[in-house]
């Protein structure tokens, strides 16, 4: 994910990883942001 205004938090709707906030990635099956298993950028 990326640190930008309007980024989606956990379980926020998304279409690509960059829709999500840092350390979150877009879950391909459910189309929401989920933790990408990282602890740092």
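A Cβ is built for glycine as well, from the same backbone N, Cα and C atoms used for every other residue.
Model, not experiment: these values are computed from the prediction.
As recorded in Swiss-Prot, the features of this protein are as follows:
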- 7-21: disulfide bond (DISULFID)
- 14-26: disulfide bond (DISULFID)
- 20-33: disulfide bond (DISULFID)
Which of these disulfide-bonded residues has the least crowded Cβ, counting other Cβ atoms within 10 Å: 7, 20, 26? 7
If you measure between the CA atoms of residue 21 (disulfide bond) and residue 33 (disulfide bond) and round to the nearest Å, you get 8
Fewest neighbouring Cβ atoms within 10 Å among the disulfide-bonded residues 14, 21, 33 goes to 21
Nearest-integer angstrom distance between the alpha carbons (Cα) of residue 20 (disulfide bond) and residue 7 (disulfide bond): 5
Euclidean distance between Cα atoms of residue 33 (disulfide bond) and residue 7 (disulfide bond), Å: 10
Expressed to the nearest Å, what is the distance separating residue 14 (disulfide bond) and residue 33 (disulfide bond) at their Cα atoms? 6
Give the distance between the Cα atoms of residue 26 (disulfide bond) and residue 33 (disulfide bond), rounded to the nearest whole Å. 4
